[in-house]
Amino acid sequence: MLYALLLPHVAAFHAFNLIRYITFRAGGACLTALVVSFLLGPRLIRWLKSLQKQGQPIRADGPERHLIEKKGTPTMGGFLILIALTVSTLLWADLRNGYVWAVLMITIGYGALGFADDFLKLTKRNTKGVPGRIKLVVQAVLGLGAAVWITQLMPGSIADSLAVPVFKHLMIPFGPLFPLVAMFVMMGASNAVNLTDGLDGLAIVPTIIAAGVFTLIAYLVGNRIFSHYLEINFVPGTGELAVFCSALIGAGMGFLWFNAPPAAVFMGDTGSLALGGALGSVAVATKNEIVLAITGGLFVVETVSVIVQVFWYKRTGRRVFLMAPLHHHFEKKGWAEPTVVIRFWIVAMILALLGLATLKIR
């Protein structure tokens, strides 16, 4: 919005020329989202508490202390993230850019699905929410729509291929099936963040870290000079997603202020499904789907732990982990919640560095 409002007046007010620079607008987006979160957070939390007298339903089969320590904490805090992210993006991004709208669509769409899930959990007082099959169908429809939209915006030479990091210009062609691959990336990322969101601050910090990595990736991929120098795919227009990712960082930090242990609010599926969808769609748009799996490796490991646990239990009647997802396994082993969370953050930082390294290793 500011881009469209200020750009025509650059000749009269030279300072407005700053609005041309993605880096300036990215910084503004991050700061704006942070301020919106700080201003809106206390009011939103009070409102959620007034609506949710008993707070988020807690899993009866989870760690015992959760039934005591987390009882009464309101959920749907993802509203705070979505509002701050959307307001900041609309304010600072170039709204003529199709990638921005596609990524916003999947983020808000998955957030709406998460809201429905949280609402059913609260009204029915259980941890089930929207039936799994219905949730997957809605995710698939939204993801496929966004995937088709994004691929239509891309240069035809790379639109239907999956980029392989490290190897120069190695692309795996999928042809007309690529939107299905992109849909899987978005759905997988969304559900992976959702599974990771089980402890105070556990999901939001790795999300912020991944968003930081993709802020840089979006800027480089959308810049002809830098992409040529690094020998990565040049995708015109995706530089604008650096503004979106920066807004996500600011919104995430603002939410963390209230989600730090002991959490005053949980993001719920409203936040976790939306955040994963945001990361997945940005990865698809920047042709860095595999890099997301590396950078967000913590989310991948958490998801795999659930898949392995369910598969092995159905096959043998025994469990591989004391409890899944993996963070609950370590809780059951006696690790304190802050210990689990901080160590997982460290792992997320290491994986983010590995993801960044793929940009230079060729």
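Backbone N, Cα and C define each Cβ position, glycine as well.
Taken from Swiss-Prot, the feature transmembrane segment covers 21-41 (among others), and the record attributes it to sequence analysis.
Sequence annotations record features per position, and here Swiss-Prot assigns transmembrane segment to 75-95 (among others) based on sequence analysis.
Residues 56, 75-76, 78-79, 82, 85-86, 89, 93-94, 128-130, 135, 138-139, 142-143, 145-146, 149-150, 153, 186, 190, 194, 240-241, 243-244, 268-278, 280-282, 285 of the same chain lie 6+ residues outside the transmembrane segment (100-120) yet bring a C-beta within less than 8 angstroms of a C-beta in it. According to Swiss-Prot, the feature transmembrane segment maps to 100-120 (among others), an assignment based on sequence analysis.
Nonlocal intrachain contacts for the transmembrane segment (136-156), taken as residues 6+ away from its ends with a CB within less than 8 angstroms of a stretch CB, comprise 98-99, 102-103, 105-106, 109-110, 113, 130, 178-180, 182-184, 186-187, 190-191, 235-237, 273, 277, 280-281, 284-285, 287. Per Swiss-Prot, transmembrane segment is recorded for 136-156 (among others), and the stated evidence type is sequence analysis.
As annotated by Swiss-Prot, transmembrane segment applies to 170-190 (among others), with the evidence given as sequence analysis.
What Swiss-Prot records for 201-221 (among others) is transmembrane segment, and it gives sequence analysis as the kind of evidence.
Annotated transmembrane segment per Swiss-Prot: 225-245 (among others), in sequence order.
Positions annotated as transmembrane segment by Swiss-Prot: 247-267 (among others). Residues of the same chain lying 6 or more positions beyond the ends of the transmembrane segment (247-267) and with a Cβ under 8 Å from any Cβ of it are 29-38, 41, 44-45, 48, 56, 69-70, 73-78, 80-82, 84-85, 88-89, 92, 197, 200-201, 203-205, 207-208, 211-212, 215, 275, 278, 337-338, 341.
As annotated by Swiss-Prot, transmembrane segment applies to 290-310 (among others). Long-range contacts of the transmembrane segment (290-310) within the same chain, counting only residues at least 6 positions beyond its ends with a Cβ under 8 Å from a Cβ of the stretch, are 162-165, 185, 188-189, 191-193, 195-196, 206, 209-210, 213-214, 217, 276, 279-280, 283, 319-321, 324-327, 329, 344, 347-348, 351-352, 354-356, 358.
Annotation comment: Swiss-Prot describes 339-359 (among others) as transmembrane segment, evidence class sequence analysis.
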Annotated stretches the transmembrane segment (339-359) and the transmembrane segment (201-221) touching (3 or more Cβ pairs under 8 Å): yes
